[in-house]
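Asks: Before I ask anything, here is the structure I am working with.
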Amino acid sequence: MADKKRYEELINILDQYSYDYYVIDNPTVEDAEYDQKMQELLKIEEAHPEWVTPESPSKRVGGEVLEGFKKVAHDTPMLSLANAFNQEDLADFDRRIRDKVGDDIAYMCELKIDGLAVSLQYENGKYKQGATRGDGTIGEDITANLRTIRSIPMKLQKDYSIEVRGEAFMPKRSFQKLNEIREEEGQMLFANPRNAAAGSLRQLDTKIAASRNLDIFLYAVADFGEMGVETHSAGLDMLETLGLKVNKERRLCNSLEEVYAYIEEWTEKRAGLAYDIDGIVLKLNNLEQQRQMGTTVKSPRWSIAYKFPAEEVPTKLLDIELNVGRTGVITPTAVLEPVRVAGTTVSRASLHNEDLITEKDIRIGDTVLIKKAGDIIPEVIKSITEERSGSEEPFHMPKNCPTCDSELVRLEEEVALRCINPKCPAQIKEGLIHFVSRNAMNIDGLGEKVIIQLFSQHLIKDVADLFFLSKEKLLELERMGEKSVTNLLASIEASKQNSLEKLLFGLGIRHVGAKAAKSLAIHFDTMDNLKVADKETLTSINDIGEKMADSIVTYFANEEVHDLLEELKRAGVNMTYTGPKLEDMSEEELVFAGKTVVLTGKLEKLTRNDAKALIESLGGNVSGSVSKKTDVVVAGSDAGSKLAKAEELAIPIWSEEDLIEYLPDEGGLNE
């Protein structure tokens, strides 16, 4: 019969085996011995369930099925980091540090793990709770799933009560194996290890999380000062003595030159790591100096994340296809041999225009380098000419539209070729897609595939036809059931009440963007007033230049446009501005009256367009860059150089929550 002393001894033995294997990568026993000890432990726990504690190694295998994830408030906010993209950004950061605390500084440089930020709470040395970062103030309780990560100790080497921060991630090998299994089972593949790690930690079945072989690196304590250390580097060393896994590749740098060398080294070596990194984190090493620097609403002023340049990958250019946009612009698109770039498979990429293809001498059949601009949009950088075999074909832009065969023209001062046939089917189709989009009429359920079906089956020929669609016709479309058709018709009906600026933007008048549409709607109040306006009147309005004014006058001079507007009126589409008028609002309501506001970073609750609309409704003008003329910067998470520049210029910083306080009571924008 087992005694409790043996049970506790087994827990300590298995914890040590796990530490040796998962934390310091120095296994001391064979798998068979580990398994034998684990089986002995499980038998004891089966006989004595009253002895089982949350720290038992048996709890790492999962098995618990969760009902959901509770919200967890972080006692100390989990701030995000401002970004640097080049040496100039890093030099600016360094100068701000030196201006504040002097030249006696050092930076701890660490690899920026591409995973999921988490916090671990230990009470008297025992693992108590784990949570996601969330919005930095409130995260989700993922205690059970984090317990399945073998490199997280259930007990520290000392009985500290601390909150530790780190990055949970999926090693490359585990990611590859997971996707191989999912492919065999016909499941959707994960785009990258980061997404796989995040998805694994949000599994309600902890057995699934346990099977994913996640790992972690710890990089901070909520307050290192509580541990009696004076530097960040000493704090990391102490975490290691507690049995926590800290990345070994960190380096203390005493100058920017040493920082640059560290970055260059890991830019070259990153591919050889067993896990993904997407940059380097710099932290002012002295904790007292960190306190002097302080923090902004979203990020510490004493730390910054250098982001690696976009990944560049070679592949074969199979063909060049031409796309016709809603304004008739002909855009060449590269058809590529599929290749993975920055975590996703890319088979098409932008070539922008004919001049760029000629300038870069890009030929069909070339091996080309591609990257994702801003790690989002694939584009062709250049041809690798030394790999040419002689069979490659130079590309020549056709003289006629690939859709309607009309002659293409190049307008004055433009690099793009255009189809100027107003009846071009491709332009009409793209115009319809634009009309229903979120920034325009915002008709839910009318995605690109539905529009293409409606257009190809001749159920719509222009935007007015959308408002006369019948339930019977919609039910004939592929994948359109009773419920989806009912919802779509309700969305179409609701869109009729949109304010005038939404309709104006949706009509796709050349040069008229969402901002100009809003200015026009506010100034003229009705479509009838606008359509008779002359150039002089138009150019007297803010945001309306001569080129745009000419375009507006030309648009409304077209008899077909008059017919279209009459059809829209007949359908009951609103043609009046119904948004707030600045002159009707009090000074207190117009918090941004006459001010220039810049949005930066990722917003958690508002879309960028909603935030922009809210700022404009409060009298502000939204700008894309920070300067001395900027009055306010609204900063979301992961704000980069714009936030840093705003701080340097002492421009007031608002958080997203500050902005949300000014939402209308009805709780929505552009309803």
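Glycine is no exception: its Cβ is also placed from the backbone N, Cα and C atoms.
Not my notes, these are from Swiss-Prot:
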type	residues	note
ACT_SITE	LYS112	active site, N6-AMP-lysine intermediate
BINDING	ASP31, ALA32, GLU33, TYR34, ASP35, SER80, LEU81, GLU110, ARG133, GLU167, LYS283, LYS307	NAD(+) binding site
BINDING	CYS401, CYS404, CYS419, CYS424	Zn(2+) binding site
DOMAIN	587-671	domain 'BRCT'
Asks: So, by DSSP, how many helix, strand and coil residues make up the domain 'BRCT' (587-671)?
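Replies: Its residues fall into 23 helix, 17 strand, 45 coil.
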Asks: What three-state secondary structure does DSSP assign to ASP35 (NAD(+) binding site)?
Replies: helix
Asks: Cβ within 8 Å of the Zn(2+) site's Cβ centroid: which residues qualify beyond CYS401, CYS404, CYS419, CYS424?
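Replies: Going along the sequence, the neighbours appear as VAL324, GLY328, ASN400, PRO402, THR403, ASP405, SER406, ASN421, PRO425, ALA426, GLN427.
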Asks: Pick the one among the binding-site residues CYS401, CYS404, CYS419, CYS424 whose Cβ has the fewest other Cβ atoms within 10 Å in this structure.
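Replies: Counting other Cβ atoms within 10 Å of each of the binding-site residues CYS401, CYS404, CYS419, CYS424 gives the minimum at CYS404.
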Asks: Please report how many Å separate the Cα atom of CYS424 (Zn(2+) binding site) from that of ASP35 (NAD(+) binding site), as a whole number.
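Replies: Between the alpha carbons of CYS424 (Zn(2+) binding site) and ASP35 (NAD(+) binding site) there are 70 Å.
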Asks: Could you tell me which of these recorded positions, LYS112, LYS283, has the greatest number of Cβ atoms within 10 Å of its own Cβ?
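Replies: Result for the most crowded candidate: LYS283.
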Asks: For the binding-site residues GLU33, LEU81, work out the Cβ neighbour count at 10 Å and name the residue with the minimum.
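Replies: Counting other Cβ atoms within 10 Å of each of the binding-site residues GLU33, LEU81, the minimum falls on GLU33.
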Asks: I'd like to confirm something. Which of the recorded positions, LYS112, CYS401, CYS404, CYS419, has a Cα closest to the Cα of LEU81 (NAD(+) binding site)?
Replies: LYS112
Asks: Taking the Cα atoms as reference points, how far is ARG133 (NAD(+) binding site) from CYS404 (Zn(2+) binding site) in Å?
Replies: 52
Asks: Measuring Cα to Cα, tell me the gap between CYS404 (Zn(2+) binding site) and LYS112 (active site, N6-AMP-lysine intermediate) in whole angstrom.
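Replies: About 51 Å separates the two Cα atoms.
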Asks: Using a 10 Å cut-off on CB atoms, tell me which of the binding-site residues ASP35, ARG133 is the least crowded.
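Replies: Each of the binding-site residues ASP35, ARG133 was scored; lowest Cβ tally within 10 Å is ASP35.
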Asks: So which binding-site residues out of GLU33, ASP35, LYS283, CYS401, CYS419 end up within 10 angstroms of LYS112 (active site, N6-AMP-lysine intermediate), measuring C-alpha to C-alpha?
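Replies: Cα filter at 10 Å returns nothing.
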Asks: Determine, to the nearest whole angstrom, how far the Cα atom of CYS419 (Zn(2+) binding site) is from the Cα atom of GLU33 (NAD(+) binding site).
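Replies: Roughly 74 Å, rounded to the nearest whole number.
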Asks: LYS283 (NAD(+) binding site) to CYS401 (Zn(2+) binding site): how many Å between their Cα atoms?
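Replies: LYS283 (NAD(+) binding site) and CYS401 (Zn(2+) binding site) have their Cα atoms 55 Å apart.
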Asks: By the DSSP assignment reduced to helix, strand and coil, which category contains CYS404 (Zn(2+) binding site)?
Replies: coil
